[in-house]
C-alpha cells in the first residue's frame, strides 16, 4: 500500500532507512536536471538586467553591493524560507502547485463549484490528509462557503496562477535559448561573421530539439541533464569564490541589510524600477513546488539547501566583487568575470545549462495541466505516464507541441532578451504572489492554525512580493504584456471548459429519471431485456441519468444486467486501488440494476489495462454476496432512494471472490462463445478477434460448487451476472450537444455555443479518454439546453 501511495508526505514520514535515503539522494540528483536548471542559470543575466535604464548612472561600489544584498536576502527569504521550509510542507500527499493547494482547500471547506461531492469520498485514506480532528466551522469559512461569487473568484485566482505557470513554460525556453547566443554575438560583434538572424535560427533549432526530447520522460531527461547542471553549479561556485578573493573580499559585508537601505537612498525611484532585474534571481523557484509530484520534498530540500543555494550566493557575491572594480563590464558581467584560461569550457557549459533551464517549467506545465484536467478545468488531452515508480512523471504531447510553437514565436518576435526578461519576471512573481495567498488560506483551513499566524505569513511574504509585483508591472509596455495575454487566453479556455462542464452536470442533475417511474415499469422495465451487460456511462454519482430514458424511448430493448458507471475525479492526488470502486444497487434485486463509481485522483493515470470489465464483474459479485451477509444493506433498499453503496477492494475481490475465475488463451476463444448468441454475432466476434491480435486471453467466471451457505436468490443473481457477462458487454455513452437556451444572454450563448462547443469538438473524445473499445460502444445523441 505504501509503495502505491506515491511520494511520502511530511505528515506521515516513513521510517528512516538506508533504502529511503538512497532513493531520496537519487531523486535529488535527478532534480538538478529538472527543477534547478532555470534557477541555476539566473546569474547569466541578473546584473545585466538590473543595471539597465536609468540605473546606468549609478555604477559604483555601493549600488553594486546593495544589488547583491538584495539578491542575497531575496534568495534567502523566498526560495529558502518560504518554499523549502514552509511551502513544501503543504504538499497534497506528495503533489505540489497551486492546484494542489486548491484541492486541499476544497476538501476542508466547500469551495468547489462542481456539486458532485459524496460523503463516501471523505472516507478515502488520502482525503483525511491533515489534522484528524476538525475544529468548529469558523466565521470566515462559513462566509466563503455561503457566497458563490467568492468561491468563483478563488477559482479564477487559481486558474490565473496556473496560466502564469504555463506562460512561464513559454518564456523560459525563449530567454534561455536566446541569452547565450546573443551574448556571444555581443562579445564578438567586431568582425563577427554571424548575424543576429542566424543566431535566432540556431536558438530555434535547439528549442525544437529540447521539446522533441520530452517524450522520453522526466526521469530519462533528468539523468541526461543532471550532470550538466551539477557541473554548471560547481563551475559558478568556483568562479564566484575566485572573484570574491581576487577582486574585492569586502563584498562579504554586503550580506548586511544595511546595504539595501543605502542602495535605495542613493538610487531612489530608479532602484525601485530596477527590482525587476533583481527578481530574475529567483525565477524558477515555483518549479520546486510545482514539480514536487515528480520527486519528494526531502530530495528537493537536500538539493537546494546543500548545493544550489550556496553555489548561487557565492556566484552572485563573486560577480558583485568583480563589477565593483570593473563597472564598465555590466552589459556582459558574467562572461567578463570568467578567468580567460577557462572561458570557453565555461561558455559551453553555460549554454548547455541555459538550455536545460527550460526543463523545469516544461515539466511543471505538464503537472499543472494534468491537475486542471482532473479537476474539470481543462479539455481532455492525452496524458502519458512515463515512469513505473514515480506516478507524477507524465508527458502531454498536445501541450508539448503547443508550448514549442508559442516559444518559437516569442523567440522570433522578441529578439531582445531584456523584453523577454520583463515578461518572464511578471509571470514568476505573479505565481509566487498567488501561492502566498493560497498558502495563507491553507494555514487557516487545512493546518487549522490561528488566523493571526496566517495573517503574519501573508503580511511578511506578501509585502516582499508585493514590492516586486509593483516594480514588475511598470514594465508591462516593455514586453511585460506577453504573459498577461497568454494567461488571459489560457484562463479563458479553462474557465469556459469548467463553466460548460458545470452547466452540463447541473442539467443532468435536474433531469434525472424518477425512480418512481422506473419502479412502475416493473423488473422488465416494460421493454425487452436482451442477454448481456449494459454499462451506461454518466457523470452523475446518484440517480438515473436522462440518457437512459432517452435510449429506451427510442429503442425499447435493453440488457438483462444494467450498470450505471460514473468515472469521477475526487480532490485528492491519488486513490488507492482498494478504494477505487464504489458498488451499489439502483433498484430492488429483481431489476438487476447496479451502480459503479470509479474514483480517480488528480494525479492518477487511467491506464488501459484491459481488465476493467473483469474487475467490475468481480466487484458486483462481491457486493451481492456482501449484501446477503450484512442485513443493513437490505434495510437500505427503498422505493425512493438508491441502495447503500459499498467500497469493494479489488485486491480482496481477487483473494476472496464469490466467483471462480478461469482464463483461456486467444486461440481457444471461439469455444467460449455461448450458444445464446446468434451465428451472425459469433462470426462478427471471430472476425474482430482475428483483426485484433492484442486480445490475449478471455476470463470466464463460474459459481463455486453448491454450498448450503449460499442463499438461492444470491446464487440465481450471480448466475444471471455470469450469463450476462458471457453474452457480451456493451458500453452506452451520450454523444451530447450542449447549447444555450434561447432566453440566455448573448455572453452565455457566446461561451456555450461557440467556446465550449469548439473545445469539445477539438479535444479527445470521452470514449478515447476512458479507453472504451469501439466495437462495444453505443453512442446516444442528446442535446443539452443549459
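Indices start at 1 and increase along the chain as displayed.
Glycine residues also receive a Cβ, built from the backbone N, Cα and C atoms like all the rest.
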Where TrEMBL places transmembrane segment among the ranges 390-412, 551-573, 574-596: 390-412
Of 195-214, 272-290, 342-369, whichever stretch has the most CB pairs under 8 A to the transmembrane segment (424-447): 272-290
CB contact flag for the transmembrane segment (480-497) and the transmembrane segment (152-175), at least three pairs under 8 A: yes
Local confidence of the prediction over the domain 'K+ potassium transporter C-terminal' (531-784), expressed as mean pLDDT: 75
Contact call for the transmembrane segment (454-474) against the transmembrane segment (302-322), three or more Cβ pairs under 8 Å: no
Contact set, same chain, for the transmembrane segment (221-242): CB under 8 Å, 6 or more residues outside the stretch: 29-34, 36-37, 40-41, 43, 213-214, 307-308, 310-312, 314-319, 337-339, 346, 349-350, 352-353, 356, 359
In contact by Cβ distance (the transmembrane segment (517-537), the transmembrane segment (64-85); 3 or more pairs under 8 Å): no
Of 195-214, 272-290, 302-322, 342-369, whichever stretch has the most CB pairs under 8 A to the transmembrane segment (152-175): 342-369
